[in-house]
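K.L.:
First, the structure itself, so that you have it in front of you.
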Amino acid sequence: MHETTAAARRILDELPGRRLTRDEAMTLADQASLHDLCAAAMADRLRRHGRSAYYVFNQHINFTNECVNACRFCAFGKRPGSPDAVTHTVAEIRAMVHAKRDQTVRETHIVGGLNPKLPFSYYVELLQAVAEERPEAGIKAFTAVEVAHLADVEGRSEADILTALMQAGLLMLPGGGAEVFSPALRAKLCPEKISGERWLSVHETAHGLGMNTNATMLFGHIETFADRIDHLDALRTLQDKTGGFLCFIPLPYQPGNNALSARGPGGADYLRTMAISRLYLDNIPNLKAYWVMAGIKAAQMALWAGADDFDGTLIEERVGHAAGADTPKGLTAAQLRQAIVMAGFTPVERDARFAPVAGA
């Protein structure tokens, strides 16, 4: 890797204390050595979180893989009528949650495809069932894409849909469906999916209702680094307005079992993106190294590139694995803690809202 240029060094020397501009972020992406970039992100991370690295006991539930969208990067979704399409009843979901009652769960993560056969009442009953089985676990469910789909199908506003879901037990929205906001890229990658502007609008509406949300970016496919920084800038702009994002998760593209001919990011690209994300998103408190899609070792290294969260036990994760992720579908808390300690950090258990668990 090249040495840091004088222009990039000047920018790094002025951090912390002021906000990066888009052009400065591009300069760092192009002209800072990976070592210097990660060192700056690590310094920022230490100021925010010290040596703490957070993890959570969580359960993933995918209630349907049937989807009217046909995103080129997705290996999880199945077209309506496909013999591989699966939709679980509310009773089956309740049984899945009940079956894990002997395990600690602080967060229940629920997402699915856009199944046109499911009425809105299904989503409400699903939340109610999970909340009854796991009242102690925060429910993080339904991406902005799903919320927009429900609003369109029901002929209701997104605020109305979100309010009803919150009343049924929804705590917060996950960050999925953001992909990369560039309209030109979305036209190639996921033409049926909602626009980046609408994704941001759904999250802004959720924030206005008092709900926190997460945000993601899928990278390492056909986008440029400029596209990535534009994506970060849109998130930072909304966060300035609402303050509702709790965590940003850079998701490395998984090249298996899908129609998109792309290789995915290498390790250096992953760490560079993580570091730029930490430095640019100065108003989003948490940065997640999602071990399922990055791999355990890359996620450990990401803790040195600005990340503070290692995600969780992820009981039965399916979306990333459908696209070829070769990581386990779940880890024990002991394995998570060991991975964090081996990386040189202090494991801290958190809840769905990223608050440390007292006495853990």
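Cβ atoms here come from the backbone N, Cα and C positions, even for glycine.
Curation does not apply to TrEMBL; its annotations are automatic.
Because the structure is a prediction, the values reported are computed rather than measured.
What TrEMBL shows for this protein is this:
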type	residues	note
BINDING	CYS67, CYS71, CYS74	[4Fe-4S] cluster binding site
BINDING	PHE73, GLU179	S-adenosyl-L-methionine binding site
DOMAIN	53-285	domain 'Radical SAM core'
K.L.:
What is the Cβ neighbour count of GLU179 (S-adenosyl-L-methionine binding site) at a 10 Å cut-off, with all protein chains included?
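P.N.:
Here the count is 26.
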K.L.:
To the nearest Å, how far is the Cα of CYS67 ([4Fe-4S] cluster binding site) from the Cα of GLU179 (S-adenosyl-L-methionine binding site)?
P.N.:
17
K.L.:
Could you tell me the mean pLDDT the prediction assigns to the domain 'Radical SAM core' (53-285)?
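P.N.:
Mean pLDDT for the domain 'Radical SAM core' (53-285): 92.
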K.L.:
CB neighbours of CYS67 ([4Fe-4S] cluster binding site) within 10 A?
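P.N.:
For CYS67 ([4Fe-4S] cluster binding site), the count of other Cβ atoms within 10 Å is 24.
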